[in-house]
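Residues or ranges marked as DNA-binding region in TrEMBL: A:18-57. Residues or ranges marked as NAD(+) binding site in TrEMBL: A:92, A:93, A:94, A:95, A:96, A:97. Per TrEMBL, domain 'CoA-binding' is recorded for A:81-182.
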């Protein structure tokens, strides 16, 4: 199975969280097993797409039985790296930063909130869900004493690269970036962007060109 | 040019907002023209990719001159449908809803905030940036009297489909969906999802499999 992993495309990887979400819902509803056809009807991918995707990671389906929901859910969690705990910090306690800090769903997925940093003296010292907002000037020192897996950048675009540099220097290997800039980081650091404006512009484009997209 | 548009792939469309962002920055810095090579160095796509992308929409480049930044910026804004105004409302004034409501960048792109709706009596009547939060029970009636282009769904997953149905019935054609569900809507309604958990899971996967992704 390890050997198989190497050829997984980003397209498959991007679909995995959707499998995780749907299987999680099936589990909650006490569904034990499901065929690729039934899963297809729920999730909206074709049955052959589903079989092909899940085959990338090993043999989960059984002819005439379908998939064992719990096994498949656990396996996908494992593949996604959701079996352990990630220590996260948030940089920037503005609107988006506070929203992320308050979003308990992430904690349930294994992402714990360990620190929040901001420059604004009015925010420093305040608490969000038991985590006190610290001055961003202390970030470098904090990272020297705390191993953090993921930093969530929610600062304005002009400060994002500077913050990113401090994080990288402090040994952070994963950055979830909400600032509308493309960060420059060393090769061993992974950045996942959430560019909200770009998403909104895509919606705008699709609305204006609805007639052209209907064939999709 | 109209004829050309029909074959534009989603991959190109998804890159357009990035062009818009970089060209906007160039404009701010008073850059008049730029070659595909220089643009490539900034934006990170290859020069041939850039020429190919922009050719989908017409002939913007001139041999030996490069692109006129302002013309290209305006043209891309036009293609993205960013030349007019979109009337938007937010459903759900929780963490994410409030963050979006407070994000003035969207207004500058032409997305005006016209209403906010929530079920929580503690929130109803409060104001965010001069917009009073209204009771979600009034949403259907509001839509009967106001033409809204885009509704931003920020309610919990269990209420999202119900809210979506009200919006569709009220004539809304564009939905920006932050709830972690896949909405079922008629064909003439466009949904753009921002599934934050999925983005975080992708980051988790990439962190766990960094060694396998290095070739990318």
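Keep in mind that glycine also has a Cβ here, set from the backbone N, Cα and C atoms.
Checking the binding-site residues A:92, A:93, A:95, A:96 against chain B with a Cβ-Cβ cut-off under 8 Å leaves A:95, A:96, in sequence order. Residues 1, 4-5, 7-8, 12, 65-70, 72-73, 75-77, 79-80, 82 of the same chain lie 6 or more positions beyond the ends of the DNA-binding region (A:18-57) yet place their CB under 8 Å from a CB of it. For the domain 'CoA-binding' (A:81-182), the model's pLDDT averages out at 95.
When the binding-site residues A:92, A:94, A:97 are compared by the number of other C-beta atoms lying within 10 angstroms of their own C-beta, A:94 comes out lowest. Cβ neighbours within 10 Å of residue A:96 (NAD(+) binding site), excluding its own Cβ and spanning all shown chains: 24. Residue A:95 (NAD(+) binding site): 18 other CB atoms within 10 A of its CB, across all protein chains.
The DSSP breakdown of the domain 'CoA-binding' (A:81-182) into helical (H, G, I), extended (E, B) and coil residues amounts to 34 helix, 29 strand, 39 coil.
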